[in-house]
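Reviewing the structure listed below.
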Amino acid sequence: MKDLPADLRPREKLLARGPAALADAELLALLLRTGLKGQGVLQLAQALLDRFGGLSGLLATDTAELGSVKGLGPAKRAELAAVLEIARRSLASRLAQTPVFDSPQAVKDYLQLQLASKPHEVFAVLFLDTQHRLLAFEELFRGTLNQASVYPREVVKRALALNAAAAILAHNHPSGVAEPSRADEALTQALKAALALVDVRVLDHFVVARGSVVSFAERGLL
């Protein structure tokens, strides 16, 4: 980046004008620090954003998948993984301190970071207290998810163990399409009925794909 005028270099620009003044590629370039032969660091940063669908897509990408990208060695992959974990922990802390419906976008962002990059289907639950603050996020089932593979009694058991008052269901679609299926709707109703028996309310069910999250509640499917 030394070939750029001083006031256009990302680091100098950040120090002079603050991080909000930087484009996504410029922020990423600060993490990457160096580019490749024939490809400057800003070009590499933009190529990564284009490939993975922006910053949210990049942060939701599995570390192993990043290993296939030319120019991302172990050190750079470790730094990106650290940023991802910081984002996860920051969102989890926020959800633990405030009711989830005070920050619905934070819930979606958190689920993107947790589930979007999974190469297989994962069913997870956010267990909430009486104030709808996060008690725990748990991945409970993996594989092809349907009423036969997701056991309501196991979800109920965890809710009771955590003394949860409410729950948000979530699962991913590795296909990249976040549209709920009929099987997803049937599973939701089965879990909703099972949890109601122990006075645990299902507040929502999110379907997560890279770059998008669909809410059952917003669709009127709950």
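Cβ coordinates come from backbone N, Cα and C, glycine included.
Within the model, the domain 'MPN' (100-222) shows a mean pLDDT value of 89, rounded to a whole number. For 100-222, the entry in Swiss-Prot reads domain 'MPN'.
As a summary of secondary structure, the motif 'JAMM motif' (171-184) carries 3 helix, 2 strand, 9 coil according to DSSP. Sequence annotations record features per position, and here Swiss-Prot assigns motif 'JAMM motif' to 171-184.
The feature Zn(2+) binding site is assigned by Swiss-Prot to HIS171, HIS173, ASP184, with sequence analysis given as support. Note on HIS171 (Zn(2+) binding site): other Cβ atoms within 10 Å of its Cβ, all shown chains, come to 26.
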* Asked: Do you know the DSSP helix, strand and coil residue counts for the domain 'MPN' (100-222)?
  -> 44 helix, 36 strand, 43 coil
